[in-house]
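Participant: Have a look at this one before I ask anything.
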Amino acid sequence: MIDVSGLTKTFRNGVEAVRGVDLTVAPGEIVGFLGPNGAGKTTTMRMLATLLRPSSGSATIAGHDLRSDPRGVRRSIGYVSQSGGVNPVNPLGDELELQAMLYGMSRAEARSRIADVLATLELTGLEGMPGGALSGGLRRRFDIAFGLLHRPSVLFLDEPTTGLDPQSRAALWEHIRSLGLTVLLSTHYLEEAEALCDRLLVIDGGRIAAEGTPAQLKGERTLNEAFLEIAGRPA
Amino acid sequence: MRDTWLIFRHHTRITLRNKFAILITAAQPLFFLVLFGPIFATFGSWETLVPGLIIQLGLLSAGMAGFGVVFDWRSGVLERLRVTPAGRLPLLLGRVLNNTFTLVVQTVLLVAVAYLIGLRAPLLGVLGAMALVVVLGVSLAALSHAAAMRLNEHLFAPVMMTAVWPLMLLSGTFLPMSMAPQWLSTLSYVSPFRYVLEAMRELFAGTYASGVVAVGVLVVALFAAISLTVGTRVFSRDNA
């Protein structure tokens, strides 16, 4: 579903944020991108979401080539950024409707799809509120609702549970798992990686440092010990 | 086309929900009209003053439109929209047309108040000036968005608030440039607003087929083409 080879990004100021990432994600797989701050997780995801132009390398997402068909990629992915994209002052329903219609839905289709997505994420009844009136956990679920409106085949989640309390976090994991989608998510919470992901990619210094199921990466150690060893610095 | 309409409609709905904001952005030229206009009218005409105040309004309203994009940038809304298949030009144009719509509403308000206190411009002239306002609004809003995306967000407000003043003064907003010493008048030809403003003054005076009007139309069209090109380029920068 996602095929990435030799992806790099060097910013104009000379920072090499991503130095050659290869990765594959199979349909229906939940893959976790694990790594310290500044490892290149967000930059890689932003490149795959067509928000940043890669310096070199190639990627195919849901059958669309990232370079030659960014619109095709955009149509097939949902992307939820680290900071989210909820308008704090405008009713969420209006924002959802605009978003759905930008994917080509008619107003009637948009409304029925919004109702479905909100029901799935247990957000029904909150669409009249502005984003700023919601708790962090609810806002995060709305962020994901925005990413799901057009039934994407791939979902990118950049640190989906950062800043959430343990209950909201567990609820969000439950929701993500129940979607049955191909998901690439970044996190630096080891228990999140272990609880949610089928497979993990450890990224450090802009390169994939290790790869495997949580059990494989752990071996005899705890995941924390394994992570520290791979990423080579204190978390 | 559909994307532009969707973005325009969305933002216009928000604009109409905040009617007070429409009024408050138009307040400065309205103050000048009511509190400075009567002094100006003792030696000049309302038909000279009001076009100047329209330029001031354009700079303060459409010229500051970039604030909206700073806000949407910070809240992540802009990035969320940039991941949709919507075209990059519609993402900009929908906003710009909403800013232009706001500017037109404000200009109508300004001209209406001016009529109440003494303006006597012919309807055709006012309509012609309105057409210039639309093109000017599109240009200023597009440039303002480009500036907002390029400048550091702490710099945007002070830079824009400072830039509008020389632009206003050099266009002859408050007093026509014909009253200026030669060097200042010559300098003012670098401001595209001088040409537009002089065209509007002719239109308000009831002269339609003049060289000044033609030059004004030409300059504003050129200004729009450049602004939209710059705006789209900045808006689509860095996409894959």
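Every residue gets a Cβ built from N, Cα and C, even glycine.
Not my notes, these are from TrEMBL:
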DOMAIN    B:12-238  domain 'ABC transmembrane type-2'
TRANSMEM  B:20-41  transmembrane segment
TRANSMEM  B:53-71  transmembrane segment
TRANSMEM  B:92-117  transmembrane segment
TRANSMEM  B:123-143  transmembrane segment
TRANSMEM  B:155-175  transmembrane segment
TRANSMEM  B:208-230  transmembrane segment
Participant: What else in the chain is close to the transmembrane segment (B:20-41), if you only count residues 6 or more beyond its ends and a Cβ gap under 8 Å?
Facilitator: 48-50, 53-54, 56-57, 60-61, 64, 102, 105-106, 109-110, 113-114, 117-118, 174
Participant: With Cβ-Cβ distances below 8 Å as the criterion, list the same-chain residues six or more beyond the ends of the transmembrane segment (B:123-143) that contact it, or say none.
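Facilitator: Cβ under 8 Å, 6 or more out: 51, 54-55, 58-59, 61-63, 65, 92, 95-97, 99-100, 103-104, 107-108, 111, 196, 199-200, 203-206, 208, 213, 216-217, 220-221, 223-224, 226-228, 230-232.
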Participant: Look over the recorded stretches B:92-117, B:155-175, B:208-230 and say which has the most C-beta pairs under 8 A to the transmembrane segment (B:53-71).
Facilitator: B:92-117
